[in-house]
């Protein structure tokens, strides 16, 4: 664990000591070193228990794919942010990179925490750098409203979780994940016990987000700078799914009865957000609503409490993290050239950027879960386990899958096909940096086709 945390802390020092002209280059090389070291966590995936364990941190087959995704994303965020940050004063650039690194440190500590209260503190700590990224480096005046939505939705959901954890500590005498798994099932019968169950899950359902408490996500995505959108879509949403997977085994007697409305709401959200995507004119907003739909499937996969549901949810979280981050990068390349997110104004790019259109094509196909990509594997496992739970769910998941394919193709055709609009006169050519960025997003997706057990979690 320290092999990643110590270089990350050293990177914070490097950012403030290195000469300005070497800032981005040194930060990129340093973060690439950290991400390559993190692959070492794949070493003991065959073991079902915890590895790399110390008093407060450890890695198991559920945490390791999410930890590696977090470390993999830092160099990609630095690559993506270089162009639009170059005009800023050098100290502001240093603060920006430092926020990205601190976000990575908090996420690594959250995913590796063996104490639930430490996980909660790091879960909340990720709010601070993300809020600064949205409100300081967002593109428009609405970023302040988006930051407020983001903060208050997440905090309002998290405070009941803190109370629930303190009650759990009072009743069991421990909040260690290593011990809680051996604590016998609780007799949850009173109304207070049922409210405690809701309190344990509410923070994670808001973070995912579940349809109905999702309004903060499109606002935050649309207003955030490219690195903010990438980390939000790829990793921060997955904190909710990871927390649910950790907490749900403790809530077992009530989950089988209480989870029905949440599963129905999640599946209804898959259809509703898909229909919203079909009506979107804003490119980033479309990709953000697409994330809400995919996370709805993940929520339902986790809540039915079957090995296939858990495994499918973890696979879909990893695959969606890479895919949605790549789509936000593509949307950013379009925005940097046209300064518009409106798809009607920024369309027909295949004529001008044929190679970029190929990346758009691959990312759109990954978003609609084309076989044999891991996206399809995760969705099929969740749909199969849902069908085993209730065959009515096949109606929701079937319609949702069709609509997902529809809006993914609509997004590709609108942005890439047809003639260039008359108002677009001069376009900056695409850069090797952008192609490298997209290659590094889609390469892991393709490699995971060959060895999917790396992200199958504890049910592998």
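Including glycine, each Cβ sits where the backbone N, Cα and C put it.
Feature transmembrane segment, per TrEMBL, maps to range 229-248 of the set 169-188, 229-248. Range 286-304 is the one annotated as transmembrane segment, of 286-304, 419-437 (source: TrEMBL).
Feature annotation (TrEMBL): of 21-42, 439-460, the stretch labelled transmembrane segment is 21-42. With a threshold of 8 Å between CB atoms, the same-chain residues lying at least 6 positions outside the transmembrane segment (195-217) that come near it are 123, 146, 149-150, 153-154, 156-158, 160-161, 163-165, 167, 188, 232, 236-237, 239-241, 243-244, 247-248, 250-251, 254-255, 258, 262, 265-266, 268-270, 272-273, 288, 291-292, 295-296, 298-299. Residues of the same chain lying 6 or more positions beyond the ends of the transmembrane segment (117-134) and with a Cβ under 8 Å from any Cβ of it are 56, 96, 99-100, 102-103, 106-107, 109-110, 143, 146-147, 150-151, 154-155, 158, 161-162, 165, 169, 175, 203, 207, 220, 223-225, 227-228, 231-232, 236, 239, 243, 246. Using a Cβ-Cβ cut-off under 8 Å and counting only residues 6 or more beyond its ends in the same chain, the transmembrane segment (62-81) has close neighbours at 4, 24, 27-28, 31-32, 34-35, 37-39, 41-42, 45, 96-97, 100-101, 104, 107-108, 111-112, 225-227, 230-231, 234-235, 238, 242, 245-246, 314, 317-318, 321-322, 325, 329, 332, 433, 436-437, 440-441, 444, 454-455, 457-458. Counted over residue pairs separated by six or more positions, the transmembrane segment (93-111) shares fewer than 3 Cβ pairs under 8 angstroms with the transmembrane segment (351-370), which leaves the two as not touching.
Against the transmembrane segment (260-279), stretch 286-304 has more CB pairs under 8 A than any other of 146-168, 229-248, 286-304, 310-330, 390-415.
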